[in-house]
Amino acid sequence: MLFPCIRSDSPLSIMAKRQVGNLRRITLMLRIECVLGSRVEPELSEQLHRLEHRGAVDIVTIPVVDLARRRLLITTSGGEELAIALPRHQKLFDGAVLLLEKERAIVVRAATERWLRLEPRSLSDAIELGYQAGNLHWRVRFEGGVLLVALEGRPEDYLARLEGLIESGRVGAGVIEQAVDHEAAPFAEHGHPHSRPPGHGH
Amino acid sequence: MRVQTAFNLQAGRSGPGAARVGIGGPVGSGKTALIEALIPVLQQRGIDFAVVTNDLVTKEDAERLRRSGLIDPARVTAVEAGACPHTVIREDPTLNIAAGDDLEARFPGIELILFESGGDNLASTFSLDLVDWWIFVIDVAGGDDIPRKKGPGLLRCDLLVVNKVDLAPYVGVNIDRMLEEARAVRSGRAVIPTNVRGGFGIEEVADAISASVLFRV
Ligand SMILES: Nc1nc2c(ncn2[C@@H]2O[C@H](COP(=O)(O)OP(=O)(O)O)[C@@H](O)[C@H]2O)c(=O)[nH]1
Ligand SMILES: [Mg+2]
C-alpha cells in the first residue's frame, strides 16, 4: 500500500449543478482525491515529459495561501473544473501531480507570491517592527536587515496595522513579487510532501 | 475506476474523509445559535454531519446542543480549550483534529464536521490544518464599526456572517452600510446577513458550505 490511491486511467468525475446567474447549468467536475506525487519524481517526470511534448499537461495555478487547503474548487488553465478533496495526511504543493493518464496530466503550479518588503532604519525600529509583526501573526521571511511579509490581502491594510512606523519613516515599505522556486518542488514520499523552510530560494 | 473504489473500501481511511468547517467569532455573536439553526437544514438536505465545540473550561455549548433534541448527542464532541480559545484552532489544533478523527472513525461515511471555536476576539483565525474552510460570525449589536477595524478573522475568513440583523433598529446600526463596508474590506468575498433566531439567512449559509466543501450546488 505505497500510494493512498491508484494511478487510475479513468478518474472519478462528478456531476454538479452550478448556479450561473438565473440559469442552472450542469457542469462536469473532475474530482481529485489524492496527490499522485511530485513532478520531479523520476517515475512521474518521465511520463510528464512525454505528455509535455504533446502539449497535454494542463496546469492549475493555485494562490500560495490556498495551497494549505485540502478542499478547493478551482479551474485549470485548460478550463477543466476541479473539485479537490485530499485526505488529511496529504497537501497540495508546487509541482503536485493531480492526474496522470495516457493522454493527459494535471499539475499544480503555485501562483507568484507578493511580499511586503519592510526595512527598519534602526535597531530599535527593527525590534518594534518584529514585535508588531509577531503579534499580528503575519507569515514572514527574514532577509538580512529586511523583513518580508507574505501578502494575502491589500498592502495598505497591512501598513495600516503598523501605525506610526511607516508614516514617521522609521520603516520603509515596498511590494515585491516572487515566483515560487519551480525547479526544486518537494518530493512526495508516501503522500507526504516534505515541507521546505520558507525563504529557501535563489 | 473500479480498482480505485475497491482500494478505497479496503483501505478504509484512504478516502478524503469528512469536510471540516470552522465557525469562529466573538463571544455571544451567535455561533452556537447558528449551528442550532443549521442542524435541521443540513439534516433535511441529507448531509451526514457532526459537531465539535470548544469551550474554555466547560462543555456548556456541547451540552446545549446535546440537550437540544435536534441531533444525536453522540455526534457532538466537546474540546476544552483552556485559557486561550484561539490556540486550539490555530497554533496547536491537535485536540480538535483528534476529535474530528474520532468522529470519522465512529461514523463511517460522515461528510461534514463543524468546529465551533470558543468565542474569541476579532483576531482569531483557523488553521487550514484543522479546517478546509471557515466562517466568522459577528453581530450587528457589536457595532457597525467592526468591519472598519479589519480584524484578521473578519478579513481572512471564507464566509463572513453578520448576525442579529433583527437588532439593527434597536442599536442604531445602518445594516446596509455595515454590509457594504464589510464587503469592501473583504475585497468582495462572501458576506451573508442573518437573523439566526428568526431563521433568516440560514439556507444561504448552508448553500455556501455545500458548494464550497461538499461540491454540491
Ligand atoms: N436577536 C437575536 N439574538 C440572537 C441571534 N442569534 C443569537 N442570538 C442570541 O445571542 C446570544 C448568544 O448566542 P450564542 O449562540 O450563545 O453565541 P456564541 O457565544 O457565539 O455561541 C443568545 O442569547 C442567542 O439567543 C439573532 O440572530 N438575533
Ligand atoms: Mg457558543
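Just so you know, glycine gets a Cβ as well, placed from its N, Cα and C.
Automatic, uncurated: that is what TrEMBL annotation is.
Some features that TrEMBL has for this protein:
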{"type": "BINDING", "residues": "B:Gly25, B:Pro26, B:Val27, B:Gly28, B:Ser29, B:Gly30, B:Lys31, B:Thr32", "note": "GTP binding site"}
{"type": "DOMAIN", "residues": "B:21-192", "note": "domain 'CobW/HypB/UreG nucleotide-binding'"}
For the recorded GTP site formed by B:Gly25, B:Pro26, B:Val27, B:Gly28, B:Ser29, B:Gly30, B:Lys31, B:Thr32, name the remaining residues of the chain with Cβ within 8 Å of the site's Cβ center, in chain order. B:Gly119, B:Val137, B:Asp139, B:Asn163
In this structure, which of the binding-site residues B:Gly25, B:Pro26 has the fewest other Cβ atoms within 10 Å of its Cβ? B:Pro26
Result for ligand 2 contact check over binding-site residues B:Gly25, B:Pro26, B:Gly28, B:Lys31 with Cβ cutoff under 6 A is B:Lys31
What's the most sparsely packed of the binding-site residues B:Gly28, B:Gly30, counting other C-beta atoms within 10 A? B:Gly28
State the three-class DSSP label for B:Gly25 (GTP binding site), counting H, G and I as helix, E and B as strand, and everything else as coil. coil
Identify which of the following binding-site residues, namely B:Pro26, B:Gly28, B:Lys31, place a Cβ less than 6 Å away from any atom of ligand 1, and list them by sequence position. B:Gly28, B:Lys31
Considering the binding-site residues B:Val27, B:Ser29, B:Lys31, B:Thr32, which residue's Cβ sits among the greatest number of other Cβ atoms within 10 Å? B:Lys31
Model confidence over the domain 'CobW/HypB/UreG nucleotide-binding' (B:21-192), as mean pLDDT, sits at 90
